[in-house]
Amino acid sequence: MSDKPRRDTGSTGTGSGRSTGQSGSNRAVGAPNPGTGRSPNASTGGNRSAGNQAGNSGRPASAGRNQATTPAPNRNTPPAGARQGGAANARTGTPPVARGGGGGVTPPTGRGGNNPRAARNQPRSRQQPEEREREHVLRRPPPQPAARPVVRPRGPVALPPVMTVRELSEATGIGAADILKAMLKAGMLANINQQIDYETAALIMADFGIETTEDVPEQMAGIVEDVKEVLRAQPPEEMRPRPPVVTIMGHVDHGKTKLLDAIRSTRVAEGEAGGITQHIGAYQIEVNHRKITFLDTPGHEAFTAMRARGAQVTDIVVLVVAADDGVKPQTEEAIAHVKAAGVPMIVAINKIDLPTANPDRIKQQLANVGVIVEEYGGNVPCVHVSARQKINIDGLLEMILLVADLEDLRANPNAPAVGTIIEAKLDKSRGPVATVLIQNGTLHLEDNVLVGCVAGKIKSMFSDSGKRLRHAEPSTPVEIVGLEGVPQAGDILQVMDDLVVAREIALQRQRQQRAEVMAAAARGTSLEELFGKVKQGQVKELNLILKADVQGSLDAIAHLIEQLNQSQQAVQTRIIHRGVGAITEGDVNLALASHAIIIGFNARPDPAARRHAEQHGIDIRFYNIIYQLQDDLKKAMAGMLAPTVKEVVEGYAEVRNTFRLPTREVVAGVYVSDGKITRTGQNVRVLRRGVVIHDGKISSLKRFKDDVREVTAGYECGLIVEGFNDIEVGDALEFYRQETVAASL
């Protein structure tokens, strides 16, 4: 340290090794402000050029010198003025620089300037921790909402006709996962967004003890589901006689279309492809000032479903049988459909003009399949005709009118129209076109209609001959144009006041139809389900459809079922149709309509029948041994009786020692005298002097401190009886298993 006086610093700074060039200035740049001890440059935080300080002030400045930005000092750094002459230098004793003296000063050292070490020693920005905190908050997962408490309703819950599993969960308070588990137990595989119908929802909610009611929308209240109910609801004074609707059925090439052609005196048969009717045609004729409507259902087996629909809208069935060919499989199938529909039948024995015709043989064959004509003491009229020669056609028409008079067919022509779709198609030029049979009321042009899942407005109507119509009365078949979609055959047409309401109902029905199809595919009609309904008293009769490889097998199965019916009276099994050959789509349709089970004895379904059965959930059982069929029928019928619980004793042991564990449980050291001990699946009885003092389960089974699953006779082991600590030496143990055995007839 030198005691020499400090030399003038007017031209050179000492702190940074850089010349300030501010000689003659009134105030040294970098000097501390009075009372603050802080450099002006430190407070501004900007880059200041000394040359900008000159000018009129008379303070020369060094051109282009940049002052380094100096942040505020931290608490460990002394004030800048202490190092720049704001106070006496503690090391040299140099007095502070005078405010008015000329000469420069040493700039701040250690912080600022272009000193790289000073830049490294600067404190971090105060905003960096805040930014890190914000980033942490953004990365933090959002809080999960609190679980909503499950509130189960006290009274019945109103449910719509169709809903999703999620909507059912929200309406009832039952978790969607619990509903899906219950549906899985019931044999229905679903997801949370799958639509289910009300019947399925009510069945599932019954398992949870929740009562439900169906909430039918107001616009659905007046919707027609059954035409017969509409006819019953009509005022008797408004009812008027209507023409009969006649369906022609029979085996392929037995002359059905030619018979209808002879009746209408047209050449319809020549226009058919291959001589086989390809669609359901509806025609109306006039006889003795009275009208008769005919439905020509195809006789080929590939169109069995269309024939079934024809039987549902008909009043009278004319069964055509060729006099030279006899009763065929399609003939028997048509008879089964007629019986299932419950409509009167007229037998028309055709081709009597042929030399090989034998009407008596035909009548005998019909009697063998359950159709007894009037000549044989039955109630089925029989008419001999020849479609080719037009023999006795008038006699057949008179018989149809006679049967119609006996049936007293009536309808109300003044009511809004209600009918059934016979067929529908998409025409390239006209759009959706449907053939409808009016069954009650009168259909007019510009009527708003609802047809199944389709709505629309009647834009045009045509008769069977192609004539434009303005209205159609009961029993009249018409072709209508104006629907917004193609309906399904068998859908009910109903006149609506508002087209908007009709569209809403059509959309609702589309949802319901999808739900029903999915539910039917998941649930189906199985043998176990039918017997479950029998057990609950819902079904008193079991319907069966039998198909076999030979007639002898059919007779043997029929005799077997007759014996089962005689052995018990609780449930009667009825064979609604039987035949020889493969299981057809017609068999599936009949089973679907009559809730029947199909039994194939050495008979398999064709591909179309298999797909149809899978789509609608129809149960088809296959057998090749008649005793297996007998056993299954007996087991299914026995399922109506309460099952019995049978005990099977599997082992005995005696207690030879006891040990008490720190958990206060008692370990019994036993010797297995007979049978075996199993850790799971067995119950144990503790007997003391022959009296049962406890009945429970085994919670632990060990040998030499090792857990074992089973101990056989002749070995010792240790065990703990669950929930029982009073076991004593000398007690006898009996190990048994419970088995549920179905009751037998």
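Easy rule for this one: first residue shown is 1, then count along the chain.
Cβ atoms are placed via backbone N, Cα and C, with glycine included.
Taken from Swiss-Prot, the feature GTP binding site covers 250-257, 296-300, 350-353. Annotated compositional bias 'Polar residues' per Swiss-Prot: 36-56, in sequence order. As annotated by Swiss-Prot, compositional bias 'Gly residues' applies to 99-113. The annotation compositional bias 'Basic and acidic residues' is assigned in Swiss-Prot to 127-138. What Swiss-Prot records for 1-154 is region 'Disordered'. Under the heading region 'G1', Swiss-Prot lists 250-257. If you look up Swiss-Prot, you'll see 275-279 marked as region 'G2'. The region 'G3' annotation in Swiss-Prot covers 296-299. What Swiss-Prot records for 350-353 is region 'G4'.
Secondary structure at GLY250 (GTP binding site), taken from DSSP and collapsed to helix, strand or coil, is strand.
Per-residue confidence over the region 'G4' (350-353) averages 92 (mean pLDDT, predicted model). Across the region 'G4' (350-353), the DSSP tally of helix, strand and coil residues reads 0 helix, 1 strand, 3 coil.
Ranking the binding-site residues GLY250, ASP253, LYS256, ILE352 by other CB atoms within 10 A of the CB puts ASP253 at the bottom.
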